[in-house]
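Comments concern the structure below.
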């Protein structure tokens, strides 16, 4: 499943963007107060060549656009947008041009540490004010800034509206690239989840205030394994329609999935963005238009449905058909025409009266991809000529090799003729085709194999094509865990050269289409997977649109991917949607194992091995049923009200990102993944400890077993020192120090045992006791210590992002503020300092041991219930369990 997520996706179809002159980044001087408050952040203006030289005096006359980099992103990533915008401005002789600014966030890891998100947001607010001041007293001075945000930069841009002193009119357009709007990819600290909650709640509750802000979210598709596309879709709000979410594979003239970084330089996407920017300009103000409807029209034109025409805000309703063209009447229901070096223009007219009774639709296609009009509707009854007509080219849609239009005749009852224009060509070769058809004859239903069919059932249909268009409806394809392959085998009657076929997988409830161009004849494989599930009130059906060759036969079949690749493809979807929750399941398994070891200590007096105890104790039926019952009862009002009355936190499983995000087997499968990873991580840690102890044995002199006191003045000083380190610097740093101390203590213990006796001859080793500590007891203690070390390894990993953030920003501030694990670190330090000197002999005699052995099970249940979408809660459950262990050592 991991291999599928990371490796098995479509090839990179993006072109690289290049700078034609050397890129320069002019640092903008900030007010002293701002520079002092945010010493790590900077603001830059992008430029190239002469343009950069001209702007050094900051006498700017363009339209300001601010680029915000994302997690660990560089301010230099603005160069693709800035360079292409500069080339486009040169094409129009700088009648209009854009000034691209970029913020340097010091490449902070804001996707993993949320403590600086609020600070970044406030700095961007200051930057906007500085940018607008640069245009003061200009003839066409802007009053707002357009923002392009990559990854977490898009979320920071949305967060601007939550600031108390921020004026919403300062932003009129926001474009986000691969931004996880719905939820964090890894909710590692409370600041991150709280920031998301504040932003999303504000956008829902204050939707009326956002009507003048137009927002576009572009996702990368399946190539982006860092931020899955389902997280990038903006909330659908009924109050306003100024937000649009698309996947890059559906963007016209791009039709390519991008990875998380290439989305900022993918030439096809950048071109679409810059074209949209220039179409958004108001000629009167020479700034981005203040009309929200026009902004949405432009974005739909470039990112959703491109009619292969240059954008016009108010296209003329009627067009005069002029020119000395030949008029030809076509009465047939199907017509194709090839053009090559045709010096005479032609108008082909198709009378509709004779076709209305027999057919419901007309479909036309044209392989000339120019932006000129080519199809019209005529309202006069004279079939020979048509002086004035309706331009139907705006109803067309651009595809990779052709532009197509499908018209429902019933919707155009006033039209008497369809007119197709063929202009004179010089050296160009292209084809046109039209056909009338009944919708039922071109719509075929293909049942999708069920998720649990295990490949035993598959569907197949045969299209004996005499038409140019087929729509294959994929029945019951609405679940994010459904994954199957569609195979299209095309055979043709003759071997002559044909135009390629175009296959489009169309998902009606979201803009996540994928388009494939295939030679004819050929065998094509299409992977069908969803980014978001079908909304509950939506009854539309996904379709496979086949733009075919008229004399070819198409065999379409689908096979559940269980059949071809075993169950790993379901695993692929689960990993893609829920990989962020895996650490919770791993720690839950280790915690259950830890409880099992305490139980065997009660029953046998011996501590069992980690791997054996994991196999015996970590069973999903101990954990999953209780969570499922709670989730089921949450559906009843009385239970939900009681739950809220008790001030209990909401169960994570009941807050899915889509209607079916937690279908019953997902949690079970994730638990089994957690068991496997916990097992092999335990094996890895055990082997590593043995190897390091061998090295220790070679370098250090032998020591003897001795019983240590739990609490000594020296250890108390060490705890106070680490608590001071945690309070004055970084909590994760203190956790790492105590973890390394614990690790060395365990290595020393293994080294001591191995020097005194062979692990295989414990009976002989009982002869050489030191300070009343037996080898057997030492081995029991080591087994317990290794399990605790395994638990804390995962806690250190979960706290690692804040440590990396602190180290990176150490030159600006010694103290990490805010610190998500400061108080946690102090408690962990106290616990580990006592546990590293404890032994099982002290625990066995404790009155609290039975309680300590039973607590890990309910804690594991609670961890899975409340920690899946709040990973920062995981250490709290572990700490509580080990706190009881500490009490067992004392009481």
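Positions of Cβ are set from backbone N, Cα and C atoms, glycine also.
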Of 589-614, 615-640, 719-744, 745-770, which span is tagged transmembrane segment by TrEMBL?
719-744
Can you dig out which of the ranges 548-567, 568-587, 788-807 TrEMBL describes as transmembrane segment?
788-807
Looking at 495-528, 665-698, which stretch does TrEMBL describe as transmembrane segment?
665-698
Sequence-remote partners of the transmembrane segment (788-807) [C-beta within less than 8 Å, at least six residues beyond its ends]:
108-109, 112-113, 115-116, 188-189, 583, 586-587, 590-591, 594, 610, 678, 681-682, 685, 729-733, 735-736, 739, 742-743, 746, 816, 819-821, 825, 828, 832, 835, 871-872, 874-875, 878, 882, 885
List, by number or range, the same-chain residues at least 6 past the transmembrane segment (665-698) whose CB is under 8 A from its CB atoms?
481, 570-571, 574, 578, 581-582, 584-586, 588-590, 593, 610-611, 614-615, 618, 620, 623-624, 627-628, 653, 746-748, 750-751, 754-755, 786-787, 789-790, 793, 864
